[in-house]
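Engineer: I'd like to ask some things about the structure below.
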Amino acid sequence: MMIWVPALIFLSACLLPRSNGTPLEWDFAVTLRTKIQFLDSSWQTIATAAHEFDELSALTFDESEELIYFNDRQHQNGSIFSLRRDAYAASHVAQQAIQRTGNESVGGLAYDPLNRNLFWSDTLQRKIFFASIDSPPSQPPKVLVDLSQEGARPEGVAVDICRRKLYWTNSNITHPTVERIDVDGSNRVIIADSDIDMPKGIVVDQLSDRLFWIDDLKGVFFAVMSSNLDGSDRQVVLKDKHHEPQNLALTNDAIFWTDRTTKAVWSHPKRAAVKATTTVRPEVESSTDGTESESKQESEPVEDCPLVRVANLSEEARGIVARTGFYQRLQKDAHCSSIVRKIKLRLDEMSEKKEVRSLVDERMDQLERDHCMNGGSYISKRDLCICPAGFKGSRCEIRECHNYCVHGTCQMSDLAYPKCYCQPGFTGERCEVSNCAGLCLNGGHCRLGETEKDQPSCECPANFAGERCEQNSTQICSLFCRLLKHEPEIHVPFGCHDICEELALDNSTNIAIPQYQHLEVCQTPFVWTSSVIIILVVGIVFSLLLITTIIHGIRRLYKPKRPRIRKTFVVRKQPRTNSAGDTPLTNRPMTAEQCEITIENCCNMNICETPCFDPKLVEQTLAKSSCKEDKKILIHNMEDDLY
C-alpha cells in the first residue's frame, strides 16, 4: 500500500495547475452585448465567456477571489451573475448572485471584498442597492440610498475599500452631481455639482488617491475628469468628441474606456491635460468665515497626447475592468494595509480544511504551499498566489526588477512598482533613452555635462556649426557665393572666403569670390617675427644691466669708506751741483726753486703723475716694473731727496 502513496503524490503533483494556466493570464475584461471578452496586456483576445446571455451591461471584478460579477438586463430570473475564469475548463459556468425582483435596470456595479457586498445603481427605480454574496440569491437586496424623491438618476458606482466609502454619479441633466457616502449609509456628501453635464462611469484610483469619472458633455463632446477624494483639485484629464463612453478602468499610468459609437476600447495617459477648478467644501475644510470657498485657477495646458485605440470589438462595448494587483501594490499603503491584511486573513480561514487528513493529503498540502515561490501565499480554494512586493506571476516566480532598468538601478517604490534610478546621460521610465541619441548631426560628437543638470553638447566637425551641428557652412557659403555672382553688393560672411575659392575652382561661372578690405588684418598674425625677437633680447639685456647697477649701488652704499691719508713733500725742481750733503734741514730750497708733492692714501701715486723730476735710476730700473713696484720705489727715492 505504501508503494502507491509516492506514485499517487507524483501523479497529483503533475495534475497541479501550471503557471500559464492560472486566472492571472488575463489583464482586461470587457462586456459586449452577448459575451464577456478577456484580453491580455497587449490587448490580444484570450477567451470569451457568458455566451448564454443576451443583454450584458455593467461588470465588476473581485480580485481577491478571481470572480467577475456582471448584469444581464433581459434575463428572466437573475439580475446579477458571477463567473470564474478557468483556463482548463471548456466552458465557464455563470452562477446567479442576485435574483431579479422587478423591472430593474443596473447602471453600475461595485464590489467590497472586505464585507463581500455588491453595490449597484438602478436607473429606473433611482436607488442604490447592496447585498451580500453570502446570502441566498432569493433574498431581496437592501436600499443604501433612495434618490427617487430628488429626481436624481444614479449611473456609475465605485467603492473606496480602504476608506470605506461609496461614490456614485448622478446624470440628471438638470442637476448633475458626484456624491459619496459611507458604506454603512451615513455621511452623504456632494463633492461636485458644478461644471459637469452628464457624469457616467466612475472609478477610485487607490494608487493615487483620486477619483476619475466620465462626463458626457453637451453636443458631441465628452471629457474625463479627475479630482481628489474630497472633490478638490479638479482636473480635465482629456476632452474630445464623437465618443459615447460608458465605463472606464484604470491601471498604473493609463485610463481605458469603452465607446459604444466606435465599438472599441480607447486609452489615454492618466496625467491631467488641463487643471480646471479647485473646490473645497465646508464639510471637508471650513474657511475663516464658515462659508464655502471656491477658487478658480487658470487653465494650464500641457503636452497634448492623442487618444489611442487599443482594441476593436465585434459588438457594442459596455463595461470594462482591469487587473490592478491590489493586494500586492497596497500592502504598505497607510490607508489600505490593514484592509489587505483582513482580506488575506479571511481568505486563509476559508482555505482551512477541517476534515481528517491522510498522508497523501498532507503531502498535497506541502506541494500546494510550495506552488507559490518567493514567499507568496497560496489560496487553495481559489488556486491563487498572492505575491509579496517585488514579485509577480501566477506563482510569484518573476522578479519585477529583473532586467527592468536598461541603464540604471531598479528599486521597488512604496506602491510596489519598479522604479529606475538612471545613470548619467540616460532618461526614461526604464533608463532606455540616451541623452545623446540623435542629438549631434553630420558626424558631430556628443559630450555629456559634468553634472546631471548640464545639457549635453556637440563637438562639430569641420565646416559644420550649430548646437546640433545642423548648419553646413559649405552649403550656406555656396548659396552666398552664388548670390554674390548676381548681386555684388550683398554681404557674404567672412568665413566663406576660403570655401568660395574652393568652389570657384570647379564652377567659376556661377561662383563669385568675395573680396574683403584689409583682409590681412582679419588673418591671424605670426607672432614670432624677427623684430619681436630683437625687442625681446634687448629688453632682457637692459633688465640685466639695471639689476647689476642696482646691486652695485647697494654694495657701495653699505661698504665702509677707507681713511684718506694726505702727505706733502717739498723738493727742488732742479738738482744742484755738489748737493750730496744737502738735507731738508740743512739746506731748504728757496721758494722759487721748490716743488711740493701731495700723496693721498698711497693710491693716486705714480711716477708719471709726479710734477717734479724723474730720477735716472728710477727710469732705468722701473722701465718694466709693475704698478705696485713703481709706487714703492717712488716713495723710497722721495724719502732720500727730502729736505
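A Cβ is built for glycine as well, from the same backbone N, Cα and C atoms used for every other residue.
Remember, it's a predicted structure, so these values are computed and weren't measured experimentally.
Okay, these came from Swiss-Prot:
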type	residues	note
DISULFID	Cys372-Cys385	disulfide bond
DISULFID	Cys387-Cys396	disulfide bond
DISULFID	Cys401-Cys410	disulfide bond
DISULFID	Cys405-Cys420	disulfide bond
DISULFID	Cys436-Cys446	disulfide bond
DISULFID	Cys440-Cys458	disulfide bond
DISULFID	Cys460-Cys469	disulfide bond
DOMAIN	363-397	domain 'EGF-like 1'
DOMAIN	398-429	domain 'EGF-like 2'
DOMAIN	432-470	domain 'EGF-like 3'
CARBOHYD	Asn77	N-linked glycosylation site
CARBOHYD	Asn103	N-linked glycosylation site
CARBOHYD	Asn172	N-linked glycosylation site
CARBOHYD	Asn312	N-linked glycosylation site
CARBOHYD	Asn472	N-linked glycosylation site
CARBOHYD	Asn507	N-linked glycosylation site
REGION	276-303	region 'Disordered'
REPEAT	164-208	repeat 'LDL-receptor class B 2'
REPEAT	209-254	repeat 'LDL-receptor class B 3'
TOPO_DOM	22-530	topological domain 'Extracellular'
TOPO_DOM	552-643	topological domain 'Cytoplasmic'
TRANSMEM	531-551	transmembrane segment
Engineer: Across all chains shown, how many C-beta atoms besides its own are within 10 angstroms of the C-beta of Cys385 (disulfide bond)?
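Structural biologist: Looking across every protein chain shown, the total is 23.
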Engineer: Here's one to test understanding: among the recorded positions Asn77, Cys401, Cys436, whose C-alpha is closest in space to the C-alpha of Asn103 (N-linked glycosylation site)?
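Structural biologist: Its closest listed neighbour, by Cα, is Asn77.
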Engineer: Out of Asn312, Cys372, Cys385, Cys420, Cys460, the recorded positions in the record, which is closest to Asn77 (N-linked glycosylation site) when you go by Cα distance?
Structural biologist: Asn312
Engineer: Can you tell me which of the recorded positions Cys372, Cys396, Cys401, Cys405, Asn472 is spatially closest to Cys458 (disulfide bond)? Compare CA atoms only.
Structural biologist: Asn472
Engineer: Cβ under 8 Å to the domain 'EGF-like 3' (432-470), counting only same-chain residues 6 or more beyond its ends: which ones?
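Structural biologist: Distant contacts of the domain 'EGF-like 3' (432-470): 406-407, 424-426, 499.
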Engineer: Can you count helix, strand and coil residues in the domain 'EGF-like 3' (432-470) using DSSP?
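Structural biologist: So the domain 'EGF-like 3' (432-470) is made up of 0 helix, 10 strand, 29 coil.
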Engineer: Apart from its near flanks, which chain residues at least 6 from the ends of the domain 'EGF-like 2' (398-429) lie with a Cβ under 8 angstroms of it?
Structural biologist: 207, 252, 325, 328-333, 374, 389-392, 435-436, 448, 452, 456
Engineer: Just the number: how many Å between the Cα atoms of Cys387 (disulfide bond) and Cys446 (disulfide bond)?
Structural biologist: 44
Engineer: Quiz question: given the glycosylation sites Asn103, Asn172, Asn312, which has the greatest number of C-beta atoms lying within 10 angstroms of its own C-beta?
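Structural biologist: Comparing the glycosylation sites Asn103, Asn172, Asn312, the most crowded Cβ belongs to Asn172.
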Engineer: Could you tell me the C-alpha distance between Asn472 (N-linked glycosylation site) and Cys385 (disulfide bond) in angstrom, no decimals?
Structural biologist: 62
Engineer: So what sits near Cys372 (disulfide bond) in its own chain, CB-to-CB under 8 Å and at least six residues off in sequence?
Structural biologist: Tyr378, Cys385, Ile386, Cys387, Arg395, Cys396
Engineer: For the domain 'EGF-like 2' (398-429), jot down how many residues DSSP puts in helix, in strand and in coil.
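Structural biologist: Per-class counts: 0 helix, 14 strand, 18 coil.
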